[in-house]
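Please read the structure below before turning to the comments.
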Amino acid sequence: EGRVEVYHDGKWGTICDDQWDDRDAEVVCRQLGLSGNPKALSWAHYGQGSGPILLDEVECSGNELSLDQCKKSDWGQQNCDHIEDAGVSCDPFTVTNPPAQDPAGSLRMAATCGSREQAAEGTIRLAGGRSPSEGRVEVYYSGDWGTVCDDGWTDLSAQVVCRQL
């Protein structure tokens, strides 16, 4: 669960919650490779993002494989402030092998990649991966993001990270 961010034209940005509903959340959960009970959350429920607001007026039927297939405004065309950042919960979630993809059109949850100003102490994220479900583990501590040493790292450690994300 977290604020939904989308990668387009070389940058990450948020999605405005105008028209945002559970059908959009279903597509986000599917695109992220997560199953569970999709729930759309609005009014920056998971905190306000920073940077561009890249999408607005997203209207999915719920059957699409990605947000790119949904009806929506043109990229960057919006009339919102970050107080309207869209969020999603896919709880209870399980990873279901998302397809590898180029960063363009990728999604992420803010819980995995929150901005410096919004991250809570102990928040973790994946960075540098080919998809939202892989990458270097980083943790937010004392106002900065840092990496995690792999001494003693096991599959059990990775499972804990996946559950936390």
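A Cβ is built for glycine as well, from the same backbone N, Cα and C atoms used for every other residue.
Of all Cβ atoms in the protein chains displayed, 17 besides its own lie within 10 Å of the Cβ of Cys80 (disulfide bond). Under the heading disulfide bond, TrEMBL lists Cys16-Cys80 (among others).
Per TrEMBL, disulfide bond is recorded for Cys29-Cys90 (among others).
Taken from TrEMBL, the feature disulfide bond applies to Cys60-Cys70 (among others). In the shown protein chains, 23 other C-beta atoms lie within 10 A of the C-beta of Cys60 (disulfide bond).
Break the domain 'SRCR' (1-91) down by DSSP state and the numbers are 17 helix, 27 strand, 47 coil. Per TrEMBL, the feature domain 'SRCR' maps to 1-91 (among others).
The domain 'SRCR' feature in TrEMBL is assigned to 124-165 (among others). If you average pLDDT over the domain 'SRCR' (124-165) in this model, you get 78.
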Could you state the CA-to-CA distance between Cys80 (disulfide bond) and Cys29 (disulfide bond) to the nearest Å?
23
Looking only at C-alpha atoms, tell me how far Cys16 (disulfide bond) is from Cys29 (disulfide bond), rounded to the nearest Å.
17
